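Features as listed in TrEMBL:
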- B:6-23: transmembrane segment (TRANSMEM)
- B:30-51: transmembrane segment (TRANSMEM)
- B:64-109: domain 'NADH-Ubiquinone oxidoreductase (complex I) chain 5 N-terminal' (DOMAIN)
- B:108-124: transmembrane segment (TRANSMEM)
- B:125-408: domain 'NADH:quinone oxidoreductase/Mrp antiporter transmembrane' (DOMAIN)
- B:130-151: transmembrane segment (TRANSMEM)
- B:204-229: transmembrane segment (TRANSMEM)
- B:269-289: transmembrane segment (TRANSMEM)
- B:357-381: transmembrane segment (TRANSMEM)
- B:416-437: transmembrane segment (TRANSMEM)
- B:458-477: transmembrane segment (TRANSMEM)
- B:576-593: transmembrane segment (TRANSMEM)
- B:617-681: domain 'MrpA C-terminal/MbhD' (DOMAIN)
- B:635-652: transmembrane segment (TRANSMEM)
- B:692-711: transmembrane segment (TRANSMEM)
- B:695-770: domain 'MrpA C-terminal/MbhE' (DOMAIN)
Amino acid sequence: MSILSGILFTCGVYLLLQKRLMKVIFGTVLLSHGAHLFILTMGGLRSGAPPILKDGVTTYTDPLPQALILTSIVISFGITSFLLVLAYKAYKTNGTDNLEELRGTDNE
Amino acid sequence: MLHFLIIAPLLFSIFTPILYQNIKRIHTGWMVLLIPISIFVYLLSYLPKIVDHPFHLTFNWLPSLGINYDLYVDGLSILFGLLISGIGSLVVLYSIFYLHKTEKLGHFYTYLLIFMTAMLGIVFSDNVFVFYVFWELTSLSSFLLIGFWNYREKSRYGALKSMLITVLGGLAMFAGFVWMSILTDTSSIREMIENSELITNSPYFIAILILILTGAFTKSAQFPFHIWLPDAMEAPTPVSAYLHSATMVKAGIYLVARLSLIFAGTDEFFIIVSSIGLLTLCWGSYMAVKQTDLKGILAYSTISQLGMIMAMLGFGTGVAVFAAIFHILNHATFKGSLFMVAGIVDHETGTRDIRRLGGLYTLMPITATLAIFGVFSMAGVPLPIFNGFLSKEMFFDATVDLSEEAGTIYQSIGPFIPFIALLGSIFTFVYSMILFFKTFTGKIQLDKLERKPHDPPFGMLLSPIVLVTLIVVIALFPGPFNHYLLTPATSAVMGEVSQTHIKFWHGFYNLPLFMSLTVLVVGIILFLTREKWVRVYNRIPGSWSMNKGYDYILDGLIKGSKLVTTSYMTGSLKNYVRMIIGFMTVVGLYTFIKTDGWAFTFNGATLSIPEIAIAVTMMIAAISVLFISNRIAGILVLGVVGYGLSLLFVFYSAPDLALTQLIVETVTVSLFLLAFYHLPKLKEEKESKTNNFINLVISVSFGIFITLVGLSSHSSKWFDSISSYFVETSYTLGGGNNIVNVILVDMRGLDTMFEISVLGVAALGILALINYKKKGDVE
């Protein structure tokens, strides 16, 4: 699973380095997927019952990473949707989605 | 009382603009004049006491840091204090007549008073850090004064140059001070002197010495830091007379003299200070001959005279130090008067260019007479009515005696020094003659002058007259000056009481007199034949000069930093991401290798076949996103990754996660699809091969790094997870069976609260973005 998250990170970073704004957003989505998987993996993938208390069950999987990921998913969703709208607006305003053309002026 | 007196000018400077604004009838200078005069009188009252008993005063400033506003009053500081306040009074008096009431007098006197405080603070401070504070204050006020006519390009250039150079030296000196105070565990100069062997025996001695001397050399315009002084001549003439001849440029001299008790006696000190001093003496006097501007000549002359004083301090013998102290006093008198004379000439003729001047003797007899005294004193003409002659004679005396000192270094270098001194003095004589004879004798060129010159009002002449009187009085009656000023000052520098008599006349058969006569004869010959040898300046320095070096360095710094900045601040997002990720990877991988993170142990978790299948699907989907150029396909494949992730969550017993991931992925994908129509097409962009390759390398190595960290993190486990606590108390404390939910809303509820606010802010942001319209947009 570490390898999978590594690959997700690879693809995410590669997309981040592209010119098109859309690809960059795709990249962030992949990056957040990779990060969530990474957190889960780090918590240990030992199998156990889902962390819902039930009589007779003694081992549960670690609930803490799950809570963290849950928070993270919601936040990255918020960010992604905001980015999407921002990209849309930037495209409408500037008429391009090429990041190389979206550079600031020289005086900055 | 002295504490207050030192900051009195600073306090008064607050009122000068108010006085200037409200009292228009009287020249502001008259009111300012009171301050230096009262300081001068007060310091005079110390004189009888100081002869035998130096004392110190203290005033707590930062006692917890051991930094106190300590003052030390001995012969050396009193001498400088009197120079500062005395010449300060004369300069203020002179400036009253020199500067018209239409100038920004409020500014001028404020700066001048700040400078006066700074200078008094330097010479009386016992604490090195307080010393440094005042030191930088002189740099600052000098900067303000040089740039007084700030509408002139050259004034601004000169001010900036002097600021950069003196502050550079000031910072070096500060480093030296910090070092010294660490070594001796005190910041008081007196206590440092008492523990001087701690400094001289430390392995860092040379570094400290060079740092401190850099400060002294930049301030006192020693080679090669002398270049700021000629450009500082853009300041109003009273400022040049005060700062750049009599006081500020002697701050470095004061520093060297003050710390002589620590450094003197070591070979390094002797070599550095003497050689730089002699080099400055010769270079300054040589370059002065080339100048055509009166103030330019005087500036180089100041440089050379300061070099001479510095060299004598470097010699460190009794007679040399005495001569140095004596020359400090003499130089202040004659150079101050010469600057004022130059100012008068400028004021009366409208030019300072000696090629346009000449024959002013008949028109300005008083000024010319004053100039004679100053110039001949500076040249060291062997007549006992010029104080410069007496100190120059002692200078020769000191150089001749040097080879008789004990110590191999003295004996090996000593014999050459009189010849170098002779060379410098000959050129000194030549430029002094040029200064006088080109200005006041010869043919007058009235057509080249702006107005018909005549002697200025008496008030303007008053200050130079006082200084010239001093020249003669010091020369004729050196006894009292010696007793009250010079001997205590020499004792302060040498650390022992020494009595030297100033002799008018050495008798016929002695070397110094013979040397003075040589200077006179050779100087006259050189002056008369100067047309013939003036071409030598085309060869040395020729096109090569220190100024060009300075400009080159400054230019290079600006260009270089621009180059560096533009090389990485490209404005391209891609490059920044590359740098961030690349840096993270390099540092991370380096740490990984350095800490030996290779030990992987696989425990417990085994992968089942469905898990592997899902993982492989996700990998393929993720990689294919890279190559898809159809946007709807891209969105859908991205969705595959998300749904795969939620499936994995199912496998790893995370029902809430799976649920959320499923919903969020659905919403995200539908959002993408919603915006689909408005979004740009994913056109295949042309990227160069190398760019693609770099991107690939960066992203792959980052992925590898993450994988390695993930793998190795399992291998080391130092303590148990705290999750068992959550499992145990979820029901008893939280009252819920779903542990994840209890964590989210009960145990770590704060996270959830802010996560909600994140969503809210995102929603508001989106709303604002959509509603935002540019001005003039019509919809």
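Numbering starts at 1 and runs along the chain as displayed.
Each residue, glycine too, has its Cβ placed from N, Cα and C.
Within the chain, the transmembrane segment (B:576-593) has long-range Cβ neighbours (under 8 A, six or more residues past its boundaries) at 568, 694-695, 698-699, 701-702, 705, 708-709, 712. When each of the listed stretches B:204-229, B:269-289, B:357-381, B:635-652 is scored by C-beta pairs under 8 angstroms to the transmembrane segment (B:458-477), B:357-381 comes out highest. When pLDDT is averaged over the domain 'NADH-Ubiquinone oxidoreductase (complex I) chain 5 N-terminal' (B:64-109), the result is 87. Note on the transmembrane segment (B:269-289): residues 209-210, 213, 217, 221-223, 226, 256, 263, 296-297, 300-316, 409-410, 413, 417, 420-421, 423-425, 427-428, 430-431, 434, 530, 534, 541 of its chain, located 6 or more positions outside it, place their CB under 8 angstroms from a CB of the stretch. DSSP assignment over the domain 'MrpA C-terminal/MbhE' (B:695-770) gives 62 helix, 1 strand, 13 coil. Assigned with DSSP, the residues of the domain 'NADH-Ubiquinone oxidoreductase (complex I) chain 5 N-terminal' (B:64-109) fall into helix, strand and coil as follows: 31 helix, 4 strand, 11 coil. Among the listed stretches B:6-23, B:108-124, B:130-151, B:357-381, the one sharing the most Cβ pairs under 8 Å with the transmembrane segment (B:416-437) is B:357-381. Contact count against the transmembrane segment (B:130-151) (Cβ pairs under 8 Å) is highest for B:108-124, out of B:108-124, B:204-229, B:357-381. Beyond its flanks by at least six residues, the transmembrane segment (B:108-124) meets 2, 5-10, 12-13, 16-17, 20, 28-29, 32, 35-36, 39, 71-73, 76-77, 80-81, 84-85, 88, 91-92, 95, 99, 130-131, 133-135, 137-138, 140-142, 144-145, 148, 236, 239, 242-243, 247-248, 251, 254 of its own chain at Cβ-Cβ distances under 8 Å. Tertiary proximity for the transmembrane segment (B:204-229) is limited to same-chain residues at least six positions away from its ends with a CB under 8 Å from its CB atoms, namely 135, 138-139, 158, 161-162, 164-166, 168-170, 172-177, 179-180, 183, 244, 248-253, 255-256, 259, 263, 266, 268-269, 272-273, 276-277, 279-280, 283-284, 299-300, 302-303, 306-307, 310, 546-547, 549-550.
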